[in-house]
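Take a look at the structure below.
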């Protein structure tokens, strides 16, 4: 959802709901989006009850899921949905057509394309694995299946990110669709995540030895290329085609074929050393989880309609406000306006989660009280966000599935400068508005400084509960203000607005974070590789006894 448009409502999709758009005062593209999500919620219940694996074959479920998803795209975006279909089909052709004759083309493609996405795609493919692949000794044989998958991995990353970037550039600078419009680039971003995730998991299953994989990679590795209908269903299913989230291919196939819940229960019981029972448990109903999430959606919508509109983001750079208000007043308004901007994201992601749960997808396991948890593919943890006492904790609870994707395709793959490359890839994936790059580049020194400060002073406050409470309150305030400062350009988008805001804040967060990072950098030695590896493995273990879905994001655990 967004602010009411000041220009006539336009959309490349269906015009059927124009009367509703005019009555509510919302842009038609947003009305179409909301209508599709509400229809998807109803369809998801029907999908679980009447098209369950017990009643129809997996092929029928794949077909219906893909057909509804494509219909949503056409309804919302008209012929512009062809961009999404084109990149999906192109990537599938890569999977089935890549062969030995394309190896030299991969090298040429890298030399000719100078964009960030081309350069980093080589760095992110298991370090120097691809480069070493091209340096075979005379007489050394090449295994066709493994070679095909390595080429597939590289081409998928280049084509998916390249096509996404080209569409975003044309949308912003050529066709000028408008700021924060609900257009086809959103679903294209989700599809890009899925295409590249599947490519990496194919690589794990067909090119890597078992001992080279982490526990999570072993679970998600794909050993057989998907059929065309499976590929379409995974990438374009109606449950996640509009707003996500991205999920793992094997988990989605388990859901379609009726193994999703039993597999999760089996993994949970295996991790907790319990015996039997997992395959005898009746599938739990997602109804309570869906109702809870719909209540959250209703609260977020009410907050948006009553509070968010009264605290516009652009008032932070209003000339009169900047020149007349005191620094403390400007800081306070910035804090509350950023807080008020979050519920629209909470609404969209929570509704998407409810849609998946209604279909029976997203089961995590049983919590410590023996109740089912349906947060496997949740995209946010609202309580974790609002109570975050560190920059990393906030990141780990915000847009969770995108964080996992960035970790999978970049942070874990880049041989060096992992943090910087991950933030830059995140900015590139989001789009080409300058504000995105200000946000993610600003986040780099803040993240480094936050790590250093935490490691330097936190242990002094653990001696008593009172001191620990005081430390938590102080770090909560510092984190929320740092987040406010960091994400403001993300919402302002333009360079001139960003500079005005930074000047009004006297660049104080930039200055403090850089000084702290430099001053404390040499005080702590870098972590040993074994520590990072252990953390990665432990964080990717199956559902814990408390059934808490934890992921390691762009930076190491503190």
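Residue numbering: from 1, along the chain as shown.
Each residue, glycine too, has its Cβ placed from N, Cα and C.
What you are looking at is a predicted structure, and each value in this text was computed from that prediction instead of being measured.
According to TrEMBL, the protein has these features:
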TRANSMEM  31-51  transmembrane segment
TRANSMEM  63-80  transmembrane segment
TRANSMEM  435-453  transmembrane segment
TRANSMEM  473-494  transmembrane segment
TRANSMEM  500-520  transmembrane segment
REGION    527-558  region 'Disordered'
COMPBIAS  531-540  compositional bias 'Low complexity'
COMPBIAS  541-558  compositional bias 'Polar residues'
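Beyond its flanks by at least six residues, the transmembrane segment (500-520) meets 316-317, 322, 327, 330-331, 334, 442, 445-446, 448-450, 452-453, 455-456, 481-482, 485-486, 488-489, 492 of its own chain at Cβ-Cβ distances under 8 Å. Within the chain carrying the transmembrane segment (435-453), a Cβ under 8 angstroms from the stretch's Cβ atoms is held by residues 390-392, 419-420, 423-424, 426-427, 479, 482, 485-495, 497-498, 509-510, 512-514, 516-517, 520-521, 523-524, 554-556, 558, all 6 or more beyond its ends. Proximity of distant same-chain residues to the transmembrane segment (31-51), defined by a Cβ-Cβ separation under 8 Å and at least 6 residues beyond the stretch ends, is recorded for 1, 11, 13-14, 17, 20-21, 24, 60-61, 64-65, 68, 72, 75-76, 182, 238-239, 242-243, 286, 290, 351-352, 354-360.
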